[in-house]
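A short worksheet on the structure shown next.
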Amino acid sequence: MQPSPSSIHRERSPSLDYQNNSRIRKRNEAFQSSHHPLKHHQTLRLDRNRITGPVSFLNPTSAHFRLISDLTKHTETSSDPADNHLKIFPSRSLPHDFQPAPSISYKWTSRNNRKSRHALAVNPVVLSESKHLAPPKTASPREVGRGIWRMVTVFPTWDISYDVAIIFTLGSVIWVINAFFVYLPLVQPDTEFKNEELYGGGITAFIGATIFEFGSFLLMAEAINENRMGCFGWAVERAFSHDIEEGSDTVHLEPSKSTCTHHHFNKRNLVGRGRAPIESHNSAINASPSPPSPTTVQPPKTWIWFPSKSDLRKHYLHELGFLASFAQLIGATIFWFSGFTTLPGIYNKMSRPITIIFYWTPQILGGTGFIISGTLFMLETQSRWYKPAFKTIGWWIGAWNLIGGVGFTLCPAFGYNEDSWAQYQACLSTFWGSWAFLVGSVVQWYESLDKHPVEIDKTLRDDKNGKGRKEVNNPEPSG
């Protein structure tokens with residue numbers, strides 16, 4: 001006898017979606033009930049065919065949510081403050097660079113969720129077919145230029161994702177300086193000054209290792225304090241436009257910090273309390289106050305230093321972002337001991353066996369941690385473990401960190417050999433490895449300020465046409 005839906009809900013494991021049409025879903029195809037993003041958001045509907053992750057026994061890393069079809073009916077009944085931001089405005093107020101999109105999807109990813117990024121996937125078409133308007137894709141030259149301009153004009157020091165990027169950028173700059181101290185005398189001996197490697201190289205190595213350790217700690221705190229509820233972060237507005245279709249209206253989406261529940265926008269703390277959604281005062285549809293919805297969930301009030309054993313076992317150990325951050329922290333911690341031994345008065349007093357044990361070996365272990373971390377960060381952005389995500393900015397951050405980790409691992413591998421050629425390669429590996437870390441950190445800096453990316457996904461279809469439901473492989477979008 002087939003059990004009732006209510007009994008299935010009571011009896012199944014903590015996942016909401018592990019059983020569907022008599023098929024037990026893999027862990028990467030369903031969300032755990034305690035970490036189900038946007039499940040209380042009445043404006044969005046989860047597309048269960050587009051919940052994906054690269055590893056079957058780990059948590060999903062990507063999911064798509066579609067806007068509900070009848071937004072007017074929704075706003076007349078919804079009392080969730082996160083949803084009461086739909087308003088009517090004339091078509092002449094639309095930004096000129098907004099693109100038409102008959103099909104639009106909110107793309108949740110685990111990395112974007114940690115970084116307080118709210119991605120839209122759109123399928124642009126000719127204006128006459130449009131029923132949604134969205135900002136232009138963020139990969140366009142104009143939007144990239146705006147992103148670079150933000151890097152020199154916006155300084156949200158209360159945003160932990162921004163702080164992580166800046167700290168790693170600073171640490172990478174120190175390591176590049178260190179690489180010049182130890183490598184330049186080998187290729188340009190006339191530039192060497194007395195005790196350059198001992199003092200210049202040793203002190204900068206210690207400072208760089210310490211900065212990496214601090215940045216890795218913040219990276220771990222960011223991973224632990226992810227937004228479990230998820231966050232839409234966009235204002236949904238209805239625009240009346242004669243240019244699109246006579247007598248019809250169009251749904252317009254624009255970035256909205258006031259409705260974001262991530263802690264990144266709270267200037268009063270670094271990690272923890274997220275700002276409660278603010279109801280729009282310009283709402284022309286639902287202007288009267290309404291009692292709080294029983295499904296409304298407020299963001300967590302405090303941040304945590306360590307996850308509970310239950311959360312660690314059931315969620316975090318299955319979370320790619322957490323595992324990557326943990327590998328980075330372990331690698332940076334071990335690497336720091338090597339950086340400590342480079343200080344003058346320690347490095348020049350160690351015997352050869354002690355140097356091998358306490359200087360070279362921690363670099364091997366720490367560099368391996370960096371390689372694992374970079375690999376996992378790349379994997380987190382991929383729809384399949386074997387399919388690189390070349391068009392995703394987070395993938396490139398992981399890739400450059402992986403290259404940097406390889407350089408920092410090859411350095412001690414060559415360093416075990418005292419021959420001149422091996423010492424040359426050791427210094428050279430530090431040189432290009434440091435530059436790779438710097439490139440990855442600068443790209444991460446750019447990413448931390450791009451809170452509302454828009455991607456092009458031509459596989460999206462209008463629900464009205466009954467299309468777009470067969471696509472389950474989560475193809476890589478452009479933009």
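Each Cβ is built from the backbone N, Cα and C atoms, and glycine gets one as well.
Residues annotated as region 'Disordered' in TrEMBL: 1-20, 460-479. If you look up TrEMBL, you'll see 160-186, 198-219, 316-337, 357-381, 393-415, 421-443 marked as transmembrane segment. The compositional bias 'Basic and acidic residues' annotation in TrEMBL covers 460-473.
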Hey, which of 198-219, 316-337, 357-381, 393-415, 421-443 has the most Cβ-Cβ pairs under 8 Å against the transmembrane segment (160-186)? 421-443
Same chain only, please: residues at least 6 beyond the ends of the transmembrane segment (421-443) with a C-beta under 8 Å from a C-beta of the stretch. Say none if there are none. 165, 168-169, 171-173, 175-176, 178-180, 182-183, 186, 374, 393, 396-401, 403-408, 410-415
Tertiary contacts of the transmembrane segment (357-381), as residues 6+ beyond its ends and Cβ separation under 8 Å: 54-55, 61, 109-111, 320-321, 323-325, 327-328, 330-338, 341-342, 347, 350, 388-389, 392, 394-395, 397-413, 415-416, 440
Determine which residues of the chain contact the transmembrane segment (198-219) at the Cβ level, with the cut-off under 8 Å and only residues 6 or more beyond its ends counted. 160, 163-164, 167-168, 170-172, 174-175, 177-178, 181-182, 325, 328-329, 331-333, 335-336, 338-340, 342-344, 347-348
